[in-house]
Structures are given as structure tokens and as C-alpha cells.
Amino acid sequence: MVNKEQFYDQIRKALEDGNTRYYRNLIYIERDDYFDHVKEIISLFLNFKSNPSVAYGFVPWASGSKERMRTIKEYFSKFDDIDYANAEYYLGNTYDLVILDTVDNFQPINIGRLVDLARGGGLIIIYTNNLIKDKTFRTSIMRNGLILDEYEKRFKRKLYEHEGIFIIDVNEYIPKPFSGNTMPKAEKKVPRNPLMPKEIHELSLSEDQNRVIESFTYLLSGGQRALVLTAARGRGKSAATGLSIAGLIEKLRERKEKSIRIIVTAPSIASASQVMSFAKLGLEALGEELSVKVSDTGHIKSLRGDYFKLEYVPPDAAIEDEGELLIIDEAAALGINYIDLALRAWKKVALVTTVHGYEGSNKAFLRYLRRLIESKRIRVKWVNMEQPLRYAKGDPIEKWLYDALLLDAEPSEPQYLNDTMIYEDVDKSELANDDNRLRAIYGIMVTAHYKNNPDDLMIMLDGIHHKIKAIRIGENSYIAACQIAEEGELSDNMVDIALKGGTFDGDLIPDRIIKHVRIKDFAKLRGWRIVRIAVAPELQDKGFGSELLKMIYEEARDKGVDWVGSSFMSDQKVLNFWIKNGFIPVHISPKKNEKLGDYPVVVIRPISDIATKIVKISAYMLKEKLLNTLHDVYFNMNPEVVRLMLTSTKIVSKTINVSPIILDKTISFLQGVSPYESSADGIHMLTLKYFWDGERDWSLTQDEELVLIAKVLQGKPWSYVSTVLSSNRTHIYELIYSAISKLMKKYYNLTADSKVGLTLKDVMNSQQYD
């Protein structure tokens, strides 16, 4: 144990060493007189660095928070006060000092985002009066006023375990200076005979970036090609991508006489801002005179020169756009379905994404992506960046952050596959205190999802209504894991809130059913929502996920639960997994999730009689909503997902009557007399009849169903439908003809050889014109 003076002296030495070796230090303060210590640490840091750049994270609307911020701001001339809710807009910045006020809220995503903004030689200060008491995010996880604190206990334990961290708590000062090794600071290394312009290479900050810039020339060669660039946060991938675009424009100019067009897309224009900014920097270094268009939010929208245009285009529009190259930044956030369409529509594609880190896609995305590209037989180059730019490799705070937030969790390899499978109800307190088990179970969960959030672990460990189920083989070899949230049994007041459009934390599935199906009885039922279910990568597609789901369903039934359900992004493969296990789609959001790039879906497998009745009604309402609004609300929904939704709700049906006039016009279409455009109303009616028919024991081919959905129900352009089916307009037309021929024959025994023309009596006898 040391006294305050000795403690501060060790901090001074650590700051000097950190500056020399380009690593960061962190000070954690948790005590009632926290603010006095914060001010003392700031004074100490100012003696070390007189005019630092500062990022200050806080909750501006909380009582007293602005006063604390203003007091601290007086110490500095370069000061960014950052509302945690808007932290993503500062992710490209770097600071000497990062201060995180966690008095009002302790939330892992805020720690993950802002700690990484500190540069080597810099300092991070995290301060609070109490890590658990009166915290906004913790309150949102509570159920019936109850919550655990397993996550916070583990977080504090990790502070004590790692180096480069100095702790001021209620009773003592605990210095943990860094004694490890770091790699030298990243430096550029311009290739001796570069393929890209030397001016572009000179703008890089690391040898890693130089390597990436050269790698982008892979896209200049013939045939369909993709480049996949992955990196943890802080490696400079967006900067390298932007500089590479500038270099490619210069190389393309040497080859092409016509104007060059390159499209950049991302979940938002803000997400693409770094790519566009560094492309501008690179083009200016090449001596280009640029016309720059900026969005209302201040982000670069397009760069135009005499012979080229570089433009940000929203994801859906980018699919149908044209140009030499499509750049997809933060590709994992847009999902595999989107990338599939992009690879069908574009000849040259660069996919850039974060792996690991607080917003990383982890290995699941890369695994799905590798399968997708292999199935298309596209030439691909995989490039990974490892050298951090903001700080030295070996930085102790990065090591602590990844461990504390489990940003690099990976499952262990399964052992003892010949042993008996054991279904386990996992004790969360034991799990939080056993890093090997926690990494094994949580690692399985995160590797199965494209996009992960550090908050997920806190919700799982602290939520008293969140349970963990797993299958293990032997003593400690986990092969499948599941996180369950208990939902339902809502009060009348919560039901009224939902019916009036209000929202509340938790109870996701009851909320959606109340809002969209309007049946209040569902709110009183007990349900288990499966938040995540996953299988170790080596054992996927072998039935273990279905086996775990079966065990969970049987346990729920035995405990008197009314339903088991789940909500997830509308990925075709994931949706198919739930459907084949007896789950019924009951809701799809009318809006895309902007961060995850797809439409959230709700599926339920009912247990009780009342749940079964409500689920059937919900499935009917969903089918009606889809078939009535695919041309509008769900115009951008993947047709393959629509097909699964429609064909999996055959438990509900409705009779669609088609008039003799419509049928007669459709015969003319089959005879080649009436073109598609003139017969579209009849084709549309027959399509509705087919998808509403829950009693048929036959089906069209998958391609025929897809073309009816994309062209007839969604009203997509011929070019888009051709892209979806990797075909051409002639073949698409033939598929429509084939499908309508079958429907006319099956339902009405009519063919292209049937007679055309009606009498008034024929029409009046149909009883549709009385």
C-alpha cells in the first residue's frame, strides 16, 4: 500500500514512460470525494503536458453533470464535451486526455468507444462516486426493481488485474505501473517501386497502410474481383481506404478515356466520412482540382474532378447504381444479405469492416462472407491490418479493455465429442468469476453474430430475468449456448403504454404483439425470448442448435411457460433455422434497423392454447400486412426473406376470388397477345391467391416464387430482379410466364389454348358486378 504522495509520484513516472514508449495509462476513481481527486490528477497531467487536447464524456441532462463538465473545461483550451449518446461522431478523433464521467451512467459501449480515443503517451480518467448506484443503463436492465451486479464486480476485478492502471478507491491508492514491452511506434514505409502513386503513400502513417494501399491495385485486374479489408478499431483502415480510392482514380485515368465513377456506401454518410475525407486528401496531393459537395450534416457527399466522380450513395440505392468500383465501409453492419446483392450487381467491390473491438463483427461475419464469396467463385484478396496508429502495439490499456469488455471472446475448441451431452442451467455468479467458462460460453454467442455490442455482456450477467442455458460435453467443453429473457405478465399500465405507442425497456415480444396485433391478452402470458442461441463454429449445421432449442422448449413447457420466441435481423439463413424448428413469424418491423441494416423479425412457438390462438391470428395479420404493403413499406426487403415469411405462414389462409375478366386477360398473356404490363393486374391477383392458399399440397419453384415476389408484389425494376436471380430480363419474363401458366392450370384448368372472349352473361354470373 502507498500513500497519496507516493501514488501521484508513480503516476508521474508512468506518464513519462508512456510518452517515451507511446503507451497509455488509466486512472480509475471511485469514492465520494471523487471530484477533488479528478482536479488533482488534471493539475498533475498539466505539469506533464501543458496544452493537451481533451475529450470529456458525460450525460449532459443528468443533474449536476454540466456543472462538473464546466468546472473541468476551465482547465483546458482544447476541449470537446461529448454526450455519450453522440460519441460515434468523435470516433475519428484522437486526444491526449480522455475523461469519462460515470457518476450518472456506467455503460460498456461508452467505455469501449471513448477509451480508444486516447493516443500513446496520453491518459484516461474514469471517475464515479459508486459504480453501481443510480446508473441510467443499470436501471434500464431492471425487472420489478431487481438487478444483479455481476458485470460491475468483474469489471472492477479486471482493473486490479491489469497494468498501466492506477486505482483510487474508498480506502486506498493502488498503483499498477506497466512493466511490459511495446513495439516501436508505427511508421510508414513507402515501397521502393510502388504500384500506387508515391504521393498517396507519403500520406500514410504506417507500413500497414502502405501495404493496404498497394493491395487495392488488385481490383484493377480483369474479371469479377473483391477485396476484403479487416482491422480492429484504431488501425487506420478508413484512412487507408480513402487514400487507396484516390490512387485508383489516378490509375484508372491512365487506362480509361471516359469519366470514372466510384461509389462509396456505408450504414450512414457519417460512417463513410473518414473514407471520403482521406480520398479528398489523396486527390489534393495528386494535384486534382475538386468540386466538393457537403451534406446538411457537414459530411462530404461527393468529390468531382475533370474526369471522375466519387460519391457517397445510401446502401439500397448503391445496389442499382453503376460505376467502376463499389466501396462498402463497415460492411458487417449492412449484413450478408446486402453484400450478396452487391456482389451480384457489381463487378468490382471492396468490403471494409471492423473485426473485434467494441463494434466489431467478430469471426462470424468473416465466416459467412467467406462462404458467400466461395459460392460465387469470385476472385478475392483478404487483407488484415494489425498495427495500431493511436498507440504502440502492446499498449496495456488496449489489453485491459479487450479483457474487461470481452471484445475478443472466442470459443474454445470442443473436446470429448463422444461423451454424453449435458443440458446446463448456467449459474451467472459462478460464470462471471470463471474467465475460462465465460469466454467459452460468451465466445460461442458472439462468434455466431455479425455485430456485437459490449452492453450485451452486461445485460446478460446483470439482468435478473436473463438466463443462460448451454450444452456441454464432459466437464467444461461447451458446444452450444443460449441467452433467454423472461417476458410477459405485464401490468395493465404497461399494456396501456404500449397501446398508446409508448415504449419500455424489456418485454420486446409482448410489446410488438400488443402494438401490431392489438390483443391485450398476450401481455398477461409468460414467455421466454431467446436473445441469442449459437453453436461452436466447428459443430455448426450438425443439429446441435436445434437440439438445444428442443431442450429449452421442453423445459419451458414443463415450467408452465406460454410461449418461446425470438427476435432477430431478417437474415435468410437465420430465419430458416427458426422456421424449420417450428417457430412461426408473427411480426416484421416496418422500418430497417439503421445500425444493423435489416428488418427485425419476431417468431414464436406457442405452448399454451391461448398462445396458439393469438399466434395464429398474428401470423394472419403479418401475412396480410406483407402482401398489402410489399410495394411500399417493405419495398427494400430481400425477396428471399419475403418468400420464407410467406411460405412459413401456411397455417393461415384466405380465399382470393379472381374475376372472369382478369382470367380472360391472363389467357391473352399466356398466348403472347397481351404484354406483361397490360396483364399485371391479373398476374398480381393470381400471385396473391397463391400465397394466401394454405391448403395446397404443391408449390412453384423457388425461382418462380422469388420472381413473383420481387417483380409482381414489390414492383422492382427488371434490372433488380435480374440481379437477385443472377439472370437476365428474358429469363425473368420466362419465369413469370411459367409461374402464371401453372397457377392458371392448377386453380382454373385454363391454358394458353383456352378460348378467350366473354359474354355479358359470363361476367354477370360471376357475382362480382351485381
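Including glycine, each Cβ sits where the backbone N, Cα and C put it.
According to Swiss-Prot, the protein has these features:
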type	residues	note
BINDING	GLN209, ARG390	ATP binding site
DOMAIN	458-608	domain 'N-acetyltransferase'
BINDING	ILE533, ALA534, VAL535	acetyl-CoA binding site
C-beta crowding around ARG390 (ATP binding site), within 10 angstroms: 22
Integer Å distance between the CA atoms belonging to ALA534 (acetyl-CoA binding site) and ARG390 (ATP binding site): 34
Between ALA534 (acetyl-CoA binding site) and GLN209 (ATP binding site): CA-CA distance (Å): 35
DSSP state at ALA534 (acetyl-CoA binding site), helix/strand/coil: strand
Segment-level pLDDT (mean, integer) for the domain 'N-acetyltransferase' (458-608): 92
Cβ neighbours of VAL535 (acetyl-CoA binding site) where a neighbour is any other Cβ within 10 Å: 26
